[in-house]
Structures are given as structure tokens and as C-alpha cells.
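Student: Taken from TrEMBL, the feature transmembrane segment covers 21-40, 63-84, 91-110, 116-137, 181-202, 266-291, 303-325, 332-353, 359-378, 390-412, 424-448. Per TrEMBL, domain 'Major facilitator superfamily (MFS) profile' is recorded for 23-448. Taken from TrEMBL, the feature region 'Disordered' covers 228-248, 453-542. The annotation compositional bias 'Acidic residues' is assigned in TrEMBL to 468-478. Sequence annotations record features per position, and here TrEMBL assigns compositional bias 'Polar residues' to 485-494.
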Amino acid sequence: MGRPDPEEGQLPAPVKPPDGGWGWIVLLGCFVITGFSYAFPKAVSVYFKELMKDFHVGYSDTAWISSIMLAMLYGTGPVCSIMVNQFGCRPVMLIGGLLASAGMILASFTTNIIELYLTAGVLTGLGMALNFQPSLIMLGTYFDKRRPLANGLAAAGSPVFLSSLSPLGQVLLEKFGWRGGFLIMGGLLLNCCTCGAVMRPLDMGMKRKMGKAQDKYEAKEMLPIGGKSEEGISTTDGTKKGKKAKKKPKKGKKLLDFSIFSNRGFIIYTISKFILVLGLFVPPILLVNYAKDTGVPDTEAAFLLSIIGFIDIFARPACGMVAGLKWVRPHVAYLFSFSMLFNGLTDICSARASNYTGLVIFCVFFGISYGMVGALQFEVLMAIVGSQKFSSAIGLVLLIEAFAVLIGPPSAGRLVDALKNYEVIFYLAGSEVVLSALFLAVASYCCLNRGKKEPPPENNPSAGGGSDTEEAESDVQEAEEHSSNNHQPAHSTDNAMVAANEEANHVAEEQSEEGGGCPAGDGEVLARDGCNADQMVERDSF
């Protein structure tokens, strides 16, 4: 009825991220989910000694609990993407919170290590995966201009929760034993359901507002018309039927969009991230044992990880603020490359650290660079694929990273056992991180930026906004819309102008007859002969 249907085309496209408001609550929920997802598998290691005593197993057997959690977090990425695309973020997160909590509660009643693998490993890991990925998707939905800062603040949940869950686990272990500790940890994981409940879909409110506005518009059009009310009602019915017809094809929506592999930027990012994960997690895993081998006491060696976590807490939000600057955000991929390069060079330069002071300096710089990588990794992915395809992109990226996680740290451990030398491992891990940084920067510059240097001919930045073609088309549309209504007023305006012109000529002739005026002629002659300039301008204006 002269107003475009709000459901034409892609529905999420018109929804503008609020960059605040309820988005801050969503950010808080994402902060908690990120903290649980990354810190919980590491915090569980506090219970490993008691599990070894009760189940009569070795350290490598209990370490598989954390490994299975991380494998589920990364490897189930495509499954999470399919569920999010099918059911939405909020239902998936609620189910994930229940699964994560149920896994730890059931683990408190297990009688062997295999049952622990299935409950605390598979079930809890799957539950955290169903929370982690949708929370990032919702964060990208609610934030656009402030998205780098939001990603940095959400990523800070990992070091904050790691520094708090590990001491809490130790206290629970001393007072309630590992079974009581698992039971209470399961209760804490129910907070994931609370975080999932606040993940309100952004487009629901927008669709309701658009629907109400359209109904009011249609009512205003139909009421004064009278004889054409039946036509208006039929048009409204037809519009509603058209909406229903448009909603039917959505059932065939792609559950996992593989078309993102046609995006060269996504391919470059995925390859770079795979190489990065091969060496990124190796130094913090081997750091404590490396310090002990150099003669550092156990308590001081464990404190090194606390230094990394403390620096990481502040590095992630700070990097998010820098990435959100107007002159930095268009080049956020290069900032991500710089952070990876910084991290890799830190590993290489610290390979020969032989005293505690050198290791502390390494931890400070590693915490800064590690925080930068953590704050930017998902921001770069959102910038490459956009919010529409981010749900599929992150699932596929996490799946590919799962292979790197299973290859990198275990391979480094085997090399340490074979070579009995940590220096080579730090060199190797740093080289892998540096290689990923150089690949991302060079490939982005060669494959992406060159294609952007050829702007379309109709876009002229010196024109001060839109193109001339678009303005001409809008003028034509406005003329067509108002041509029928303004046809008669246009004729009356022309007649008035003609009458005014004739009256001005008559006045000029009377003045020339009385001798106070000038003969008719063009403007230059009249001005040169001393005619009144106001009369000349008035006449010429007609």
C-alpha cells in the first residue's frame, strides 16, 4: 500500500544493533559464559590428585577429563551452529546450562574414571560448548560500533574466572572432598541458564514495532477512503497471505552455511588460526615444569601463571578499546597480526631465560600479547563474515581449531620427553605463532586490499554523499508519486507567473512614457544608461 513490507528480503538486515541498553546485560552474560568455558577445564585440575588416589589411576588418565572438555568445546562447533540456526540462541543456551550442570552433578556419584569421562568430560563439555558459541553470536548482534570493546570485556572473563575458580576449588576440596566439590561446581554452572535467559533476540522487538506501525498505517489509509475500504482490506489480506507464503521457505533454511568458504578472508583467517593454535597454548602449559627444571621453587613457579592471568585481565579490555578506535578498526586484522607476532617473538626471546627474573619478564609480555590475541580473535572473524554468517563461521573455525589443539600441545609434550630440552619447544612454538601472523598480514594485503583499491565508477567521494544516479532516481520517483496530485496546481502557478510578468512589463512601459524610466533593452544597457538596478533585477527575475 505504498509502504514496503518489513519482512521483505533478509529479516535481520534492518535490525540495528543498539550498542548499549540491554546489550550490557548480554555482555555480562557473555563474560560469565566465557569465564566458565575457558577456565573451568583448567580449574578441574585441582581435583586430580584426589581422583588419582580414589580411582588408582595416573596423572595422564585424569588429565583426559580436561582434554575431553576442551575437545567438546572446540569439536562440537558445527553442531552448535546447526542448533542455533534451527532453534535460536536462548533455547540452546538454556539446554547447555542444564547439561553442564547435570554433568558435574552426575560426576559426583561416579565410581570409575570412565564414568568421569562421560559425565564431567563429555556432558559438561557439550553443555559449555552450547553456551559459549551462542553467547558470542548474541554479543555480535547487540554491538556494532562498540563491538571491539565488548569482545575485549567478554574475553576478560577467562582470566578472571581462572584466578577465582582454582582457589575456590581448593577450598571446596579441603572442606567437602572432590565429590562435594563437583556437586557445588555443578550448582555454579546453573548460572549458565541465567545467562542464557537474558539473551533476548534483538529482532523480536523490532518486528513487533514494525508490525504495529504497518497496521496503523494501513488503518489510516483505509478509514477515510470509504468506497475503497474493501479494496484496502483485500490488499491487507493479500499482504498477510504474502507474509505467510514468505515464511514457508524459511523452513528450508541452511543449518550450516558452507558458502562462507567462498570468502577469501575467511579462508585466510582459518588457516592462520590453525597455525596459531598449534603453538599458542604450548608455553603456558610447559611454563611451570620449565621453571622447576631451572631451579625455581614450586610455589614461585606456580605464581608465574598468576602473573600471566593478572596481566591478561587488563590487557583484553584495553586492546578492545584500542581496536574500537576509528582509525584502527578498519585495520583490525593487521592489529591481530601484530598481537600474534608480539606473542611469537616473546616465546622466542624467552627460550633462553635461565633465572626467575627472566621468567617473570616473559610472563608480563606473554600476558599482554596473549590478552591481545584473546580480545581480537573473534572480533576479526565477525568483521570478516558479518553477523549474518557468524553462527556458521565460528562453528567451522572451532572444529578446525580442535584438530590443532589435539596436535600442538601433545606433540610438544612428546618432544620434551624425547629431547629433554624446553628451549627447542619454545623456539618451535614461537615460530609457529610468528608464521601465522605473517601469513595473515601478507595474505590479507595481497588477496583482499588489492581488490578494494578499484572503487566503482559511480561512487564519487568528492560529491559529498550519495551518487548522482541515486539522487536522480529518487527525484524521478518523487515526481512520479506527486505528478497526479500536483497537475492542476502546476498550471495555476504557470498562469500566475505569466500574469505577473505582463503586469511588470506594463509598469515598465508607463515609467518609460513618463520619462523617469529607461527603454526596454537588456540588463547591461540598462545599467550603463543609469536605470534603476532594482527595476532591472525585478524585471529579469520574471
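Glycine too: its Cβ is placed from the backbone N, Cα and C atoms.
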Student: Does the transmembrane segment (359-378) reach the transmembrane segment (303-325) with at least 3 CB pairs under 8 A, where each pair is 6 or more residues apart?
Tutor: yes
Student: Determine whether the transmembrane segment (266-291) and the transmembrane segment (303-325) share at least three Cβ pairs under 8 Å, counting only pairs 6 or more apart in sequence.
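Tutor: Yes, the transmembrane segment (266-291) and the transmembrane segment (303-325) are in contact.
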Student: Where does the mean pLDDT land for the domain 'Major facilitator superfamily (MFS) profile' (23-448)?
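Tutor: On average, pLDDT over the domain 'Major facilitator superfamily (MFS) profile' (23-448) sits at 84.
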Student: How about the transmembrane segment (21-40) with the transmembrane segment (390-412) - do they touch, taking at least 3 C-beta pairs under 8 Å (6 or more apart in sequence) as contact?
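Tutor: The transmembrane segment (390-412) and the transmembrane segment (21-40): touching, no.
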Student: Select the range from 91-110, 116-137, 303-325, 424-448 that forms the most Cβ-Cβ pairs under 8 Å with the transmembrane segment (332-353).
Tutor: 424-448
Student: If I count Cβ-Cβ pairs under 8 A between the transmembrane segment (181-202) and each of 63-84, 91-110, 303-325, which range comes out on top?
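Tutor: Stretch with maximum Cβ contacts: 91-110.
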Student: Considering only the recorded stretches 63-84, 91-110, 390-412, state which has the highest number of Cβ pairs under 8 Å to the transmembrane segment (424-448).
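Tutor: By the under-8 Å Cβ criterion, the transmembrane segment (424-448) pairs most with 390-412.
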Student: Six or more residues beyond either end and a Cβ under 8 Å away: which residues meet both conditions relative to the transmembrane segment (390-412)?
Tutor: 70-71, 73-82, 84-85, 133, 136-137, 140, 254, 256-258, 260, 266, 269-270, 273-282, 285-286, 378, 381-382, 384, 425, 428-429, 432
Student: Should anything in the same chain at least six residues away from the transmembrane segment (63-84) have a Cβ under 8 Å from its Cβ atoms, list it; otherwise answer none.
Tutor: 37, 40-42, 44-45, 48, 92, 116-117, 120-122, 124-126, 128-130, 132-134, 137, 255-256, 391-392, 394-399, 401-402, 405-406
